[in-house]
Structures are given as structure tokens and as C-alpha cells.
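Below is one structure, written out as C-alpha cells, with a few remarks after it.
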Amino acid sequence: MVLIRVLANLLILQLSYAQKSSELVVGGLPCNINEHRFLVLVYSDGIQCGGTLINKEWMLTAAHCDGKKMKLQFGLHSKNVPNKDKQTRVPKKKYFFPCSKNFTKWDKDIMLIRLNHPVNNSTHIAPLSLPSKPPSQDTVCNIMGWGTISPTKEIYPDVPHCAYINIVDHAVCRAFYPGLLEKSKTLCAGILEGGKDTCQGDSGGPLICNGQIQGIVSVGGDPCAEPRVSVLYTKVFDHLDWIKSIIAGNTAATCPL
């Protein structure tokens, strides 16, 4: 069964494909407190997602993480013992890749959020660079999030977990996800033998390759971390012109809320 990486099992979203709860990093280890300064914890209408700060006023997450009431937490490591420089924001405006909320295609699961107030760079807060070029096959990339660390049980950690996975041939994902186009604006990434994966609660979080955000956690298998079932990540590089255009003030070709 195809799994959308969202936390609440009872949440019903109007998508054109089957879904379940969002996902956490399985097979990883607790992240170092200083290696995820860009990572955002998103609470959206009772569900948990991840996100990525790309400059002091803008962040990226998955479109399916959208909600009427969203709280965005920056500079967080331990949820139980927050860092002193933790900052909380809400969206000032949300932008979806032209009408992506319809979810008629796999490659539109991206949301650009303008914060109600800029965040201040600090010990635990700093943006992640946008991609200068797309990653090649077999590139080693990092995934991270507060999602569940068990592929079959909901065991959520206090601190984000990190793991390394690889960019894999897109044919691997096309074999598992019906209707996925060969030239889809997505990346296929994982470990072919299984054991490492994003899982429930990780939706919207980053796929980081060579120090840049290359993907956004979108869709995966259920249970998580199964062999030869890689995760689909929205390909940030293919949305780069749109992202830069929105930030520059050109909102004509989008569906803002």
C-alpha cells in the first residue's frame, strides 16, 4: 500500500492515491544537535511533518502537510527539553506549485511558506542551500526527522534521527508507484536491501545531498524500509525557478492561500 508520510492515522486527505500516516526515520541514529539547524518541526491540524528553512523568511515542506492551523518550530532538537534559541512561527502565506493541492500528479507535492516574521540565525538555526544541480544516481544523501523509528509501530523519538540513503534509478519507483511518469519531477531514493527509510511523521522533511536540499519527503511504502521499495521525494531542483520567482514577488503562476 502506498503511504503518504503524515502522522495522524485518522486524518483523511483528498488525494488521488491511497495513503496512511506520515513517517519517521527508520534505521537511523539520533542526529547531532548541530547538524540540522535548517530542520523545521511542523504541526498541522494535529499531524506532524517536517520542513526546511531556505532563508530567514521562507521554508519548504510537502503540500500534503497543509492545514488550517499550522505551527512551525525552528531550532528544535529535543522536544521535551527545547533549546533556548528555539523560535516559533506561523505561515504568513502558503504557495503551492500551480494548483498542486489537486494532487493529480505525483510531482506536485511541494509547498513554499512565507513566515509571519523572519527567524534569526542562531546556534541552532540557519538555512539550507537550494540545489545548484540535481543529484546523480548513487549519490549518498541524508534524511532526518522526528518520525517513527519503527517500521511497524509508532515509536516517536524525542530528538530527530538521521540516516544515509542513496539516489536510485527512477525505474525502481516506477515499478512500485502506478502512474509515475518517467520524467516526473521526483527523486527516487532509499536502500535497495531495505532497513533505512523515512516513516510516519517525516513528511515534508528534507533529502540532503552534498549540503543542499534536493528532495522533500512525499510518498513511501507501508510498512517503511522494505527491500526494493524506495521513497518518492519531490525534486526541488525541478521547482527551482518557481521557488525563486515566488520569493522575488512573482506570484502570478501559483495558487496562494
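Cβ coordinates are placed from backbone N, Cα and C, and glycine is handled just like the others.
Pulled from Swiss-Prot:
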| type | residues | note |
| --- | --- | --- |
| ACT_SITE | His64 | active site, charge relay system |
| ACT_SITE | Asp109 | active site, charge relay system |
| ACT_SITE | Ser203 | active site, charge relay system |
| DISULFID | Cys31-Cys162 | disulfide bond |
| DISULFID | Cys49-Cys65 | disulfide bond |
| DISULFID | Cys141-Cys209 | disulfide bond |
| DISULFID | Cys173-Cys188 | disulfide bond |
| DISULFID | Cys199-Cys224 | disulfide bond |
| DOMAIN | 25-248 | domain 'Peptidase S1' |
| CARBOHYD | Asn102 | N-linked glycosylation site |
| CARBOHYD | Asn120 | N-linked glycosylation site |
| CARBOHYD | Asn121 | N-linked glycosylation site |
| SIGNAL | 1-18 | signal peptide |
For the disulfide-bonded residues Cys65, Cys162, Cys173, Cys199, Cys224, which one has the sparsest Cβ surroundings, going by other Cβ atoms within 10 Å? Cys162
Ser203 (active site, charge relay system) has how many other Cβ neighbours within 10 Å of its own Cβ? 35
Counting other Cβ atoms within 10 Å of each residue's Cβ, which of the glycosylation sites Asn120, Asn121 comes out lowest? Asn120
Take every residue in the domain 'Peptidase S1' (25-248), average their pLDDT values, and give the whole-number result. 91
Spatially closest candidate among His64, Asp109, Ser203, the listed active-site residues, to Cys224 (disulfide bond) (Cα to Cα): Ser203
Under a criterion of Cβ-Cβ distance under 8 Å and sequence separation of at least 6, what residues of the same chain contact Cys188 (disulfide bond)? Ile167, Val168, Asp169, His170, Val172, Cys173, Ser230, Val231, Leu232, Tyr233
For Cys162 (disulfide bond), the one of His64, Asp109, Ser203 that lies nearest, given that the active-site residues are compared by Cα: Ser203
Taking His64 (active site, charge relay system) as the reference, which of Asp109, Asn121, Cys141, Cys199, Ser203, Cys209 (the recorded positions) have a CA within 10 A of its CA? Asp109, Ser203
Between the Cα atoms of Cys65 (disulfide bond) and Cys31 (disulfide bond), what distance do you get, rounded to the nearest Å? 23
Which one is it, among the recorded positions Asn120, Asn121, Cys141, Cys199, Cys209, that lies nearest to Cys49 (disulfide bond) by Cα separation? Cys199
Given the recorded positions Cys31, Asn121, Cys141, Ser203, state which is nearest to Asp109 (active site, charge relay system) when distance is taken between Cα atoms. Ser203
